[in-house]
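According to Swiss-Prot, the protein has these features:
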DOMAIN    30-164  domain 'Nudix hydrolase'
REGION    67-92  region 'Disordered'
BINDING   G70, E85, E88, E89  Mg(2+) binding site
MOTIF     70-91  motif 'Nudix box'
Amino acid sequence: MPSCPPAYSEQVRGDGDGWVVSDSGVAYWGRYGAAGLLLRAPRPDGTPAVLLQHRALWSHQGGTWGLPGGARDSHETPEQTAVRESSEEAGLSAERLEVRATVVTAEVCGVDDTHWTYTTVVADAGELLDTVPNRESAELRWVAENEVADLPLHPGFAASWQRLRTAPATVPLARCDERRQRLPRTIQIEAGVFLWCTPGDADQAPSPLGRRISSLL
């Protein structure tokens, strides 16, 4: 009895592996671009932590800290790439992640009319998840967001970090308000502006963006 042909996604799995060379001669990994997962989760005090990957020394830009991620395959969206790579490199389950936004943080014109992009997929987890590093990771670490810039970052991540980091915002909510269950979390208040929103008491003075934040919960 003939065997069934492999699913399309299995046939093309890995077809994104390869380099795109820019007009200036710099090589970028991913024939169809690349994507990485910027995952936040609340620390015990409610402030955000970011999951960072300490890249193995043998890898490209080894020894630096960045996001789990990699080459995008031809059949994938950036979100699918980032979630897949976070599973492969950090052992994360897609069911534990909530994607909040995608941001193209790098664009390059390559030779022969090729084009390369890096997409940062912003997501939240409800808690500091356990991780399982693969051989591409010397270490995986939850880092307090205000300490990320203190590490030796991957140059691409370092260049985009300022536009990806959050500002704190407290949302006044009654104790019985069911929206409390959705906090803390990341909210993109407008393109390139992210807030880390935590619940506050109903009698707290609302922030200037309070009404808009509430409408997005």
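The backbone N, Cα and C atoms fix where each Cβ goes, glycine too.
Remember, it's a predicted structure, so these values are computed and weren't measured experimentally.
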For the binding-site residues E85, E88, which one has the sparsest Cβ surroundings, going by other Cβ atoms within 10 Å?
E88
Around the Mg(2+) site formed by G70, E85, E88, E89, which additional residues qualify by having Cβ within 8 Å of the site's Cβ center?
P68, G69, R84, S86, S87, A90, N134, E136
Sequence-remote contacts (6 or more beyond its ends) of the motif 'Nudix box' (70-91), Cβ cut-off under 8 Å?
8-9, 12-18, 29-37, 39, 51, 53, 97, 99, 102, 119, 121, 123, 130-134, 136-137, 140
Counts by DSSP class (helix H/G/I, strand E/B, coil) across the domain 'Nudix hydrolase' (30-164):
35 helix, 56 strand, 44 coil
Segment-level pLDDT (mean, integer) for the domain 'Nudix hydrolase' (30-164):
94
